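Novice: My questions all concern the structure below.
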Amino acid sequence: MLVEGDKGVLEPVNFVGPVTSLALIHNDKFLCCAQGPCLRIYDVSESRHESDLIKSILLPFHNRIHGMLPCKQGLFVWGGTYFAVVDVETSQVYYDRISDWIFNAAELGEENKFCVVTSKNQVHLLSLSKGSWEVTNTISCEKTPLLFCATVQISGNEIYIASASAFQQIYVWKFNYNNPPSCVSIDTYLVGHEGACFDLKFSSDGRYLCSVSEDRTLRLWSIESSPFLIATGFGHSARVWRCVFLPNKEIATVSEDLTLRLWTWNDKTLTNTYTYTGHRGKHIWSLVVSSANPIIYTGGNDGSVRSWDYKTRIQESCISVSSLFTSKTLLASFCFVKCQKLLCLAKNGEMSIIDNKGKKAIPALTTTSDMSIIRSWKNSFFVAAASNKGTIYVFSYQNTNLLKAIDLHRGKIQQLLTYQVKERYFLLSKSFVGKNQFRVYLQEFDFEADKVNLISTIELELPATFDPTSLTVDEEYSNFLIGSRTGSLALYNIGESNYLSVWRRIHEFDAISSIHIKSSKRDYLLIQTVGRDGYVNLFSIPRVEKSAVPQELCSKKCCDGILSGGLCKKLKNGKENQWVWGFHASNFFLRDETNETNVFFIDCGGSHRPWAFSMEMDIQSFASYRANQLYIYSTALNLLQRNSVLQNGLHGREIRAMDFNPSGDLLLSGSEDTKVTLLEFQSNGNIIPLNSVKFHNSGIQSLTWFSDDILFSTGGLEELNVYRLIQKPEAYLKRIVHEKLCKPNKSNKTYDGDLRITDISVVKATHLGERVLWINTVQSDSTIKAFTYNVDTKQLNCIKSWKYKTVCLVFAEAVIFGSHLLLVVASTDGNVAIWNTFWRDPQIEPLIIWIKTVHQFCVKSLNISRDQDVLTISTGGDDGAISRSILLLEQISENSVVVNSLHNYFFAEAHASSVTGVLSITKELLLSVSIDQRILLWKVEGDSLKPILERYTHVADVGGMIRNNDFLIIYGIGCEVFRLGSLR
């Protein structure tokens, strides 16, 4: 068998998966990110608005990279038993390996001299000379148990080591590396953790040691003359993987629970002061702290790298309402006129401004107790207030003599919505008339230095049961849009009272919180809406045809809770960033939705309390009212440079299905995290995430493209979803949008919450129409179903349903042979069967025309290739074997097809574990991949299969493989791309 030869065949070109290590080099200008064997280097210098990928280096390691250390020559890297020095400027790699697993390393005083700590609690001293490595000394600890982790620190000529065993003990020991002994006694034993330790760190002065464990705790130890446990930190809800000391007595930890937590400590306690979230799935594996800036970088199992500003905190102040006004009155309303400047209005018309200089009273509007609401126009000195008697006051808060009072409504004004575009100021006011009836006016104002001018007032005709909640204006084409409390959207011409169009259930029956115009054309508007239901939707809205339906280009559930607003900001690079804010339980949150990062949470009591929010890119303010107190929160967080995503990932859990579109430039991936992700596949093997949707409630089981614009996914809970690919230029990029859900049968007699649709096969049903698809699904209860789907009407109908046995069915693939549709089905009993489905006649029961036991246990992979009437079925099994059956199809009558076996190949123990992927390359060549992470190439020689080539994949928990022309992708926990080379 060829193991290391034929480098041009199955050559690894890319790996996308968990970020296992991070390091900063060159005065923290460059961030090194390790994924599998791939080392990616980013420029994260302050001068750059956005981090750029500078270089990608593929290391010749058999194991993935587990750790990195900045050194004089560039970067010292280790993974498993391998280690290397990488010259990041020339991409030169000097590597070697030792016999034991490496846990940590340090650079000694001299150049190209290092020490590594291994799993046997030994230290190897290494020297690099003229490109060759030498182990100059090996120092053993007196205790040599199996280790879980270790750390090392150099102080003068001393090497200090802390190592944690599988028996929950921590050993601290040291020696002089200029005169190293062969064996070293232990200085300190530390005992206290109730589970294995996963990381250890010395403080910079060497006085303290931090440890984290599977018992979910962080522990801080004093390791001076009389070692003892200082404190234990509780807060993580799952295993804690990494820790690091920060300046000013702070510690950062990351965990399986997807949180980055900051801790402060003193001589007795550890306190969790701040928690950051943003990674997806499970596990944050790595973190590193910048010494140049207050930034922490984290790398997750989802493959993303994120940066966090850990110094900018939220400042809180509390002011009694009674101290704001001269008389005994109640607070009516408040709003931000700009960030950190809050304008408060009392019932009797008194006003006060609160800013970072304190509070200041301004002249009152009126002396009657009838004021109800106040709102501001962003970035102006003008505000609008309303009374319970229907009067609107528009004025400058800097000079209340610039006042215009307008008696407009007949009763209490319940809502004011403001909108500014260039020098035009719009105000929408609403009062209650009757049940589901409102009187609404739209006014336009012009503000001069000494006067407030009312340009126009229009009473709007509202659609039935339309309660306005949001407003936006399209000045270019003189339109405005109003969102309602029940998820409807109405389009008007400026200056006209009648609405042009109304569209219902844009956000089902929940309120539209904000509307943003992304593009304005003569025939349509491209708008983004934020709904109280937690969704951000992108629509193409027609201007002309009243009956036309908005086309949904994207719909994304942002988070749990309710969304109260959103903001889009165009960046210097031409891209747009989306922020949303709202409430979850008693917390107010601001979220960077583009990067799927929570910026901050504030415990304010919930959305039912009066509140106000204002944000700029470098400052944010929130205020809430409860118990006659105003609570004001401010932070100076730079939203464009902090808490951002440097590298996007794929999935936070195992990828269970992938498929190429027919054109080969797009990929679809589905994972245990229940998300379906659209990816761009580039000609060099790079994979770029485009967008993801979540419409499954359990892990994805299978995916398939039918055409370049129609795709399907299946999962647990009997879920079958249909999607459409949107590629219109106004959508800015390719997106998948949800089109149809096949709802399970939930009758008491038949519904099974554990029932899974394990695979799907889709072909065109030309005998039923050009736009009709025939869908076959197989289920875990041994049921096979046949559906028709009309692409135009989106109608999904079940045509047939039948059972195989009682075992789980795992794969299905349709083959059209003449006028027949044959369905190849694999199951957990090791059988592969071919059914004649009689798809042209719904009344005829499907019939098994061929069945064979190909494995002792479950069939784990299935591949079918066809050459006219010859069908080749390749399988991999739970028994580690591979099988190949070559069959001849023959139609002997109009309703009858027979299958004749031409040849059967079988190789027992082909792999050491389940074979999760098989792929026919040619008639003579077959590829297989297994949980054992080996890729094998097989060749047909006579009556047998012979392995001729072996490659290793860094993908753990391999789920399968797919091919696209010259590329092969192995997927599981992440995915790895190989170039087939001459195999193609």
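Residue 1 is the first one shown; counting continues down the chain.
Cβ coordinates are placed from backbone N, Cα and C, and glycine is handled just like the others.
In case it's useful when we look at the structure, here is the feature table from Swiss-Prot:
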type   : residues : note
REPEAT : 14-52    : repeat 'WD 1'
REPEAT : 192-231  : repeat 'WD 3'
REPEAT : 235-275  : repeat 'WD 4'
REPEAT : 278-318  : repeat 'WD 5'
REPEAT : 366-407  : repeat 'WD 7'
REPEAT : 507-549  : repeat 'WD 9'
REPEAT : 650-689  : repeat 'WD 10'
REPEAT : 695-733  : repeat 'WD 11'
REPEAT : 752-797  : repeat 'WD 12'
REPEAT : 806-845  : repeat 'WD 13'
REPEAT : 854-899  : repeat 'WD 14'
REPEAT : 910-949  : repeat 'WD 15'
Novice: Could you give the residue numbers and ranges of same-chain residues that sit at least 6 residues beyond the repeat 'WD 3' (192-231) on either side and whose C-beta is under 8 angstroms from one of its C-beta atoms?
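Specialist: Non-local partners: 148-151, 153, 155, 160, 162-164, 166, 168, 170, 172, 237-245, 251, 253, 255, 263, 265, 267-270.
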Novice: Please report, as numbers and ranges, the same-chain residues at least 6 past the borders of the repeat 'WD 13' (806-845) whose CB is under 8 Å from any CB of it.
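Specialist: Distal contacts: 758-763, 765, 767, 774, 776-784, 786, 799-800, 851-862, 864, 866, 869, 871, 873, 875, 877, 879, 885, 887, 889, 891, 894-897, 899.
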Novice: Taking 14-52, 235-275, 278-318, 695-733 as candidates, which has the most Cβ pairs under 8 Å with the repeat 'WD 10' (650-689)?
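Specialist: Comparing 14-52, 235-275, 278-318, 695-733 against the repeat 'WD 10' (650-689), the winner is 695-733.
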Novice: Mind tallying the repeat 'WD 10' (650-689) by DSSP state, helix then strand then coil?
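Specialist: Reading the DSSP string over the repeat 'WD 10' (650-689) gives 0 helix, 21 strand, 19 coil.
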Novice: Determine which recorded stretch among 235-275, 278-318, 695-733 has the most C-beta pairs below 8 angstroms with the repeat 'WD 1' (14-52).
Specialist: 278-318
Novice: Could you give me three numbers for the repeat 'WD 3' (192-231), the DSSP helix, strand and coil residue counts?
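Specialist: The counts are 0 helix, 21 strand, 19 coil.
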Novice: Please list, for the repeat 'WD 13' (806-845), how many residues fall into helix, strand and coil according to DSSP.
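Specialist: Helix (H, G, I), strand (E, B), coil: 0 helix, 23 strand, 17 coil.
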